[in-house]
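K.L.:
As listed in Swiss-Prot for this protein:
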- 114-143: domain '4Fe-4S ferredoxin-type 1' (DOMAIN)
- Cys123, Cys126, Cys129, Cys172: [4Fe-4S] cluster 1 binding site (BINDING)
- Cys133, Cys162, Cys165, Cys168: [4Fe-4S] cluster 2 binding site (BINDING)
- 153-182: domain '4Fe-4S ferredoxin-type 2' (DOMAIN)
Amino acid sequence: MASILARRSLNTLRARHLVLSGQALQGSHLSRLQSRGISYGSNKDDEEAEQLSKEISKDWNTVFERSINTLFLTEMVRGLSLTLKYFFDPKVTINYPFEKGPLSPRFRGEHALRRYPTGEERCIACKLCEAVCPAQAITIEAEEREDGSRRTTRYDIDMTKCIYCGFCQEACPVDAIVEGPNFEFATETHEELLYDKEKLLENGDRWETEIAENLRSESLYR
């Protein structure tokens, strides 16, 4: 490859040299016809010859650089040197799932329904979360109890519709529905992502400690 580039560049230089030589000869012939232009023509020829030598030197330098780049693969070496540099840099990734990074207290993960410390359900069936949900993923049915309070008989969330905007958690006046810290809830079937009230309460019981701590740490900003 380098020899081909060198040969092409040499042929180009020869052709340019012949053209400039022809122009120089034509200029010298005209100078002979002019009695007073001999010295001017010779000076011009000297300048053209000097310019030609500079261009030839420059072109040979270009040919030499191209040959070196082709023979020694300098671009590849430059890329490999960059790879080698980052190879010894400190790692910025973790070995998931054996290692896990920290989560923000505002992280919005799997949904959960919370209880009071007495075990009573927090949800009062106001349906604000159902009304505010932009994806219409929440379905609530409720009935009135003997003591006059309202509690849900059905609380479903279609997790395949949920966009994890957190509006349900923001709208809830009693912190009943929350998005917990769990993000590992992938399933193999669609039906497993249709959460009912029992599933949501189970999530709340499992993650209550983390959820309560996150809510306390963010209480000044809510």
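Residue 1 is the first one shown; counting continues down the chain.
Glycine residues also receive a Cβ, built from the backbone N, Cα and C atoms like all the rest.
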K.L.:
Per-residue pLDDT averaged over the domain '4Fe-4S ferredoxin-type 1' (114-143) comes to what?
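P.N.:
95, rounded to a whole number.
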K.L.:
Filter the binding-site residues Cys162, Cys165, Cys168 down to those whose C-alpha lies within 10 angstroms of the C-alpha of Cys129 ([4Fe-4S] cluster 1 binding site); answer none if the list is empty.
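P.N.:
Among Cys162, Cys165, Cys168, the ones whose Cα sits within 10 Å of that of Cys129 ([4Fe-4S] cluster 1 binding site) are Cys168.
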K.L.:
Sorry to bug you, but what's the C-alpha spacing from Cys133 ([4Fe-4S] cluster 2 binding site) to Cys123 ([4Fe-4S] cluster 1 binding site), rounded to the closest Å?
P.N.:
16
K.L.:
Going by C-alpha distance, which of the binding-site residues Cys133, Cys162, Cys165 is nearest to Cys172 ([4Fe-4S] cluster 1 binding site)?
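P.N.:
Ranked by Cα distance from Cys172 ([4Fe-4S] cluster 1 binding site), first place goes to Cys133.
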K.L.:
Could you give me the DSSP helix, strand and coil counts for the domain '4Fe-4S ferredoxin-type 2' (153-182)?
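P.N.:
In the domain '4Fe-4S ferredoxin-type 2' (153-182), the DSSP-based counts are 5 helix, 9 strand, 16 coil.
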K.L.:
Between the binding-site residues Cys123, Cys165, where is the Cβ count within 10 Å the lowest?
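P.N.:
Checked Cys123, Cys165; of these binding-site residues, fewest Cβ neighbours within 10 Å: Cys165.
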K.L.:
Provide the three-state DSSP residue tally for the domain '4Fe-4S ferredoxin-type 1' (114-143): helix first, then strand, then coil.
P.N.:
5 helix, 8 strand, 17 coil
K.L.:
Reported as an integer number of Å, what is the Cα distance between Cys126 ([4Fe-4S] cluster 1 binding site) and Cys165 ([4Fe-4S] cluster 2 binding site)?
P.N.:
19
K.L.:
Quick check: with Cys133, Cys162, Cys165, Cys168 left out, which same-chain residues have Cβ atoms within 8 Å of the centroid of the [4Fe-4S] cluster 2 site Cβ atoms?
P.N.:
Cys129, Val132, Pro134, Ala135, Ala137, Ile138, Ile163, Tyr164, Gly166, Phe167
K.L.:
Cys133, Cys168: which of these binding-site residues has the sparsest Cβ neighbourhood within 10 Å?
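P.N.:
Counting other Cβ atoms within 10 Å of each of the binding-site residues Cys133, Cys168, the minimum falls on Cys133.
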K.L.:
Name them in sequence order: residues not among Cys123, Cys126, Cys129, Cys172 whose Cβ is within 8 Å of the mean position of the Cβ atoms defining the [4Fe-4S] cluster 1 site.
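P.N.:
My list of surrounding residues reads Ile124, Ala125, Lys127, Leu128, Glu130, Ile140, Cys168, Ala171, Pro173, Val174, Ala176, Ile177.
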K.L.:
If one looks at the chain holding Cys162 ([4Fe-4S] cluster 2 binding site), which residues at least 6 apart in sequence have a CB under 8 angstroms from its CB?
P.N.:
His111, Ala135, Ala137
